[in-house]
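These come from Swiss-Prot:
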type	residues	note
BINDING	H24, R50, F57, N166, Q170	substrate binding site
BINDING	G59, E80	Mn(2+) 1 binding site
BINDING	E76	Mn(2+) 2 binding site
BINDING	E76, E80	Mn(2+) 3 binding site
BINDING	H99, E173	Mn(2+) 4 binding site
DOMAIN	18-168	domain 'Nudix hydrolase'
MOTIF	61-82	motif 'Nudix box'
Amino acid sequence: MAGMRRLELSEALHLGPGWRHACHALLYAPDPGLLFGRIPLRYAVLMQMRFDGRLGFPGGFVDLRDGSLEDGLNRELGEELGEAAGAFRVERADYRSSHAGSRPRVVAHFYTKLLTLEQLTAVEMGAPRARDHGLEVLGLVRVPLYTLRDGVGGLPAFLENTFIGNAREQLLEAVQNLGLLEPGSFARLKISTPP
């Protein structure tokens, strides 16, 4: 991931006091729905439009003196997503990766959390009442995990948006590793490399 190096969680936790830690979570749920009655949705994946106009995942900076990374992440989820985030808890078992950048000295920890479709829908419905809605978070969006017949609409077009940090790469890695796309469809994606 450009400008960032991957590191093990244990290494990230021992970087020292000059480093800040940010935790974010990809929330997803199986979705049996069909777009236009024929295109399988397969999964619902949430991202958010941030205050700076970029797409990212819910979460934010955490202070290790206040507890674990997960404690901080769950606090951030409550602030950004509202009461429905209290129906689940992101745990260490949901951890995926850590990446460090040197300027600024920030370690980005990434988690994925499987929810039920009902839980995910409750998050979407309650988010406009969350403390940070309209401030840090401008709204939630579902990632289209399909490609339309033109080969551009759907996920390829979505990936042309502007993402914060390495959120685009985290999304692609998670979608592939979790098997959220139809088998073989990831290899057929026409994805441009970001500038």
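Glycine too: its Cβ is placed from the backbone N, Cα and C atoms.
Applying DSSP to the motif 'Nudix box' (61-82) sorts its residues as follows: 16 helix, 2 strand, 4 coil. Taking the Cα atom of each, E80 (Mn(2+) 1 binding site) and H24 (substrate binding site) are about 11 angstrom apart. For E76 (Mn(2+) 2 binding site), the nearest of the binding-site residues by C-alpha distance turns out to be H24; the candidates were H24, F57, N166, Q170, E173.
Put simply, the two farthest-apart Cα atoms among H24, R50, F57, N166, Q170, the recorded binders of substrate, are 16 Å from each other.
Taking the Cβ of N166 (substrate binding site) as centre and 10 Å as the limit, one finds 23 other Cβ atoms among all the protein chains shown. Same-chain residues lying 6 or more positions outside the motif 'Nudix box' (61-82) and placing a CB less than 8 Å from one of its CB atoms are 13, 20-25, 48, 89-92, 109, 111, 123, 126-133, 136-137, 140. All protein chains included, H99 (Mn(2+) 4 binding site) registers 20 other Cβ atoms within 10 Å of its own Cβ.
In three-state terms derived from DSSP, E173 (Mn(2+) 4 binding site) belongs to a helical segment. Cβ proximity to the substrate site centre (mean Cβ of H24, R50, F57, N166, Q170, cutoff 8 Å) flags the following additional same-chain residues: L26, M47, G56, G59, A108, F110, F163, I164, G165, A167, L171. Of all the binding-site residues listed here (G59, H99, E173), G59 has the Cα closest to the Cα of H24 (substrate binding site). Taking the C-alpha positions, the distance from G59 (Mn(2+) 1 binding site) to E173 (Mn(2+) 4 binding site) comes to 18 Å. F57 (substrate binding site) and H99 (Mn(2+) 4 binding site) have their C-alpha atoms 15 Å apart, to the nearest angstrom. Secondary structure from DSSP puts R50 (substrate binding site) in a beta strand. Annotated pair E173 (Mn(2+) 4 binding site) and R50 (substrate binding site), C-alpha to C-alpha distance, rounded: 21 Å.
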